[in-house]
Amino acid sequence: MHVPPTDPARSAPPASPHRRRRPKALGLTALAAAMLMAVPTTQAAFGSDVRPAAAQEVVGGGDLGPNVLVFDPSTPDIQGKVDEVFRKQESNQFGTDRYALMFKPGTYNDINAQIGFYTSIAGLGLNPDDTTFNGDVTVDAGWFDGNATQNFWRSAENLALNPVNGTNRWAVSQAAPFRRMHVKGGLNLAPDGYGWASGGYIADSKIDGEVGPYSQQQWYTRDSSVGGWGNGVWNMTFSGVEGAPAQSFPEPPYTTLETTPVSREKPFLYLDGDDYKVFVPAKRTNARGTSWGNGTPEGESLPLDQFYVVKPGATAETINAAVDQGLHLLFTPGVYHVDQPIEIDRANTVALGLGLATIIPDNGVTALKVGDVDGVKVAGLLVDAGPVNSETLVEVGSDGASGDHAANPTSLQDVFVRIGGAGPGKATTSIVVNSNDTIIDHTWVWRADHGEGVGWETNRADYGVHVKGDNVLATGLFVEHFNKYDVQWSGENGKTIFYQNEKAYDAPDQAAIQNGDIKGYAAYKVDDSVTTHEGWGMGSYCYFNVNPDIRQQHGFQAPVKPGVKFHDLLVVSLGGKGQYEHVINDIGDPTSGDTTIPSQVVSFP
């Protein structure tokens, strides 16, 4: 899934598909005892490992557990502690360790925080400029020989950076959001050596200098400000970005919307004096630029004692009891097995994960169910399918939901789904959205193509995302490798701004993917009954490495109606491993050969 950037003078990685090599296994080291000096926060007494029975009152507030490391400028040996986490997590792609590195407001000098798997770094101010690094927050790809295409599951948030050499490096692929950041310099999105990279997502951020994507295949930037944008490979999409390049797809491949129709930034933890709170930003319509650039952002602050602070070992029964009592949910870093769905049926509930908190459904249950109510905010969670097939992993609203939530929509933000990779996993449909007006803001829904428990039937997952509600908006939709439809859209007036897809690598033959008389299931299917739908900046790639003779009829399928519109579509055959015959329906040139050159459609119909 990789080609050189458009300017070979700046970098020249070879053209070749991605994620074909397994990473080298590196031994895990124990965290140094000195790291424990970064003491987890304490507030009201919570802290017992013994969880209350569901019939008992669930207590809100408390400490944030051992995997949230909180620093202030006087903490000794900050660099050493951060480095120790990185050594543990640099190549720990399918491990169970989770960390959140939290920095109290202040100035930190000579810091280079390298961020590995399942690690989140964040400032604890209300605004990014409250917490300043004279230094860098870095993601590179030394662990994988300069290939950044497996730099998944990590995040940076709510910090200001003065990069040491003037440019910060954030060389990531999917599920690695860069939110609410102020880079007082440039931002390099490619690894050292300009190897392959497959990102990515920026939101609510200000980059004073130029952003250099270099070898990045695609990228989505929302409601931000940039000092310039260097290049594009296949698909660079912007909505509500000050300083974004002008609309010019296909050459250069820039898709630019002046504003984002509806957005609401992700909730985040911060310090108000000595008290921990969660800030819940307000919804914005037709947003452009950051939410914080003009001072205090609009939104609501919730004290920590209104949250059940969920720690590893907590049961779904207790989590649900907390919601029933009126508490919000703050998942501390860890892995949580649930034997029944986590159910959020109360309007305006916040469920926020720290450090890529991970939920695994046992015995085929659904991991998370959100009711058809107003304003639920779910953010910062990884749902990892279990070995017994789940019909669904995440549901928003029940089937047939009909409520009007336009004034106060439910949102899924940085909610990631994985089927296989860490071990056997199966799910029929990963995410089902029944509620009207839902916002899906940055998700990576991934049927694993490498790791443990991977095979056409071993990690069977027919459908990625199925949208049934009306007026649903997806901003930054990454869905890959499903056995049938990656995205199916049945609701009216849906919108998608940026879509990245790969079809499943491991189809054994043409018959395995045949969809009636259609060769292969579309990567993005709009049902024939739909009359209004619109999408911008959308790409699908194929790499049928098991059987390169497979033909995919099209990447996109939609009814030909005046209200169904697409802008800036592309399909790519990665190294000639399989081919597309068209881009959308029977429109668009076929891909051919092994040159990894996209076939594009600028507008549909």
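Each Cβ is built from the backbone N, Cα and C atoms, and glycine gets one as well.
TYR505 is the only one of TYR254, TYR505, TYR521 that Swiss-Prot places in the substrate site (with GLN174, TYR194, GLY195, TRP196, GLN217, TRP446, ARG447, ALA448, ASP449, GLU480, HIS481). In Swiss-Prot, the annotation region 'Disordered' applies to 1-23, one of the ranges 1-23, 576-598. Separation of the C-alpha atoms of GLN217 (substrate binding site) and GLU502 (active site, proton donor): 12 Å, rounded to the nearest whole number. GLY195 (substrate binding site) sits 19 Å from GLU502 (active site, proton donor), taking the C-alpha atoms as the reference points.
Residue with the densest Cβ environment among the binding-site residues ARG447, HIS481: ARG447, by other Cβ atoms within 10 Å. For the pair GLU502 (active site, proton donor) and ASP449 (substrate binding site), the C-alpha distance works out to 10 angstrom.
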